[in-house]
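Data block below; observations after.
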Amino acid sequence: YDQYNRAVGRWLVGCSGLVLGAVVLGGVTRLTESGLSMVDWHLVKEMKPPQTRAEWEAEFSKYQKFPEFKIMNRDMTLTEFKFIFYMEWGHRMWGRLVGLAYILPTIYFWRKGYFNRSMKGRVLGLCGFVFFQGLLGWYMVKSGLEEKPESHDVPRVSQYRLASHLGSALLLYCASLWTGLTLMLPPNTLNETRRLVQLRRFAKGTGGLVFLTALSGAFVAGLDAGLVYNSFPKMGERWIPDDLLAFSPALKNVFENPTTVQFDHRILGIGSLAAITGLYLFSRRMHLPKRARIAIGCLTAMAYTQVALGISTLLLYVPTPLAATHQSGSVALLTFAIWVLAELRKVAK
């Protein structure tokens, strides 16, 4: 049974690695503004990109009918179009690869009898989730292809749909990684002391905060909110910018006002850093197994790196390579948070 578990665990950790790749690629697609270059969605037909010049020109003329071209890219050449097309095509093909990486081994392991009952449910859930993720991606792209005659804004996808698409990718990532790690790592024998219970609770809260911060980053990306106040620690001349509550009702600011979205992301980022630092200091006073100590150390180091990346991205006006690294950093941070939780997990007697 153990070897089965380890094989399944390895497979799920591998899948989570592919999901990580999809998240990074999606971030780059968003930063290079390539996401709206493919205006149709076919599961099989679009696997082959245009081959001949005529096919490319046909694809380009389809793109020209949509708002992004009309408003932002009127002088785009075919060569420039090919670049954004290949970015989005790559992201979509990667998504299909992720789907196969979940579905084919599931069928294999299922028939070999590797799954117990609870694993069967989990694995079906993960496969269903991958499918849902693809649909959500297309639903998101559609929001950027609609004509909005009353809006003077640049055409872009809805930040709500972008955050849902990223959020569900991160959930899929976390669920696969958590399941994979708990199957692969032999559980630590921990003395259930009051302090350990507190540490575990603290670690769960911190993990939740990291997830929330990553999700708020999707709103920053969706609204290009990284370009509104490019100074730190103050926003412009002030600690609290005066257009923080410019929209009414007030709640709308949290999701639609670029200033508020950036402000919230800063607060959540600093909050996560403080929580992780606290977790580290709290864990130092306890006797923890070596792996758990390493995991908490990695989480702490990554948190400081991630904040430094975020601040640099802001001060340098969001250069694509740095912004993409910052986005990947959020997934690295989630990875370490899940590893910490896996090391501190309760063991069924």
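Yeah, the Cβs are placed from backbone N, Cα and C, and that goes for glycine too.
Features as listed in TrEMBL:
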{"type": "TRANSMEM", "residues": "12-31", "note": "transmembrane segment"}
{"type": "TRANSMEM", "residues": "93-111", "note": "transmembrane segment"}
{"type": "TRANSMEM", "residues": "123-141", "note": "transmembrane segment"}
{"type": "TRANSMEM", "residues": "161-185", "note": "transmembrane segment"}
{"type": "TRANSMEM", "residues": "206-229", "note": "transmembrane segment"}
{"type": "TRANSMEM", "residues": "265-282", "note": "transmembrane segment"}
{"type": "TRANSMEM", "residues": "294-318", "note": "transmembrane segment"}
{"type": "TRANSMEM", "residues": "324-342", "note": "transmembrane segment"}
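Beyond the ends of the transmembrane segment (12-31), by six or more residues, the same chain brings 87-88, 90-91, 94-95, 97-98, 101-102, 126, 162, 165-166, 169-170, 172-173, 176-177, 179-181, 183-184, 221, 318, 320, 323-324, 327-328, 331, 335 to within a C-beta distance below 8 angstroms of the stretch. Taking residue pairs at least 6 apart in sequence, the transmembrane segment (93-111) and the transmembrane segment (324-342) share fewer than three C-beta contacts under 8 angstroms. Long-range contacts of the transmembrane segment (206-229) within the same chain, counting only residues at least 6 positions beyond its ends with a Cβ under 8 Å from a Cβ of the stretch, are 27, 30-31, 156-160, 162-163, 165-167, 170, 174, 235-236, 241, 255-256, 258-259, 261-262, 264-265, 268-269, 271-272, 275-276, 279, 313-314, 317-318, 323, 327, 330-331, 333-334, 337-338, 340-341.
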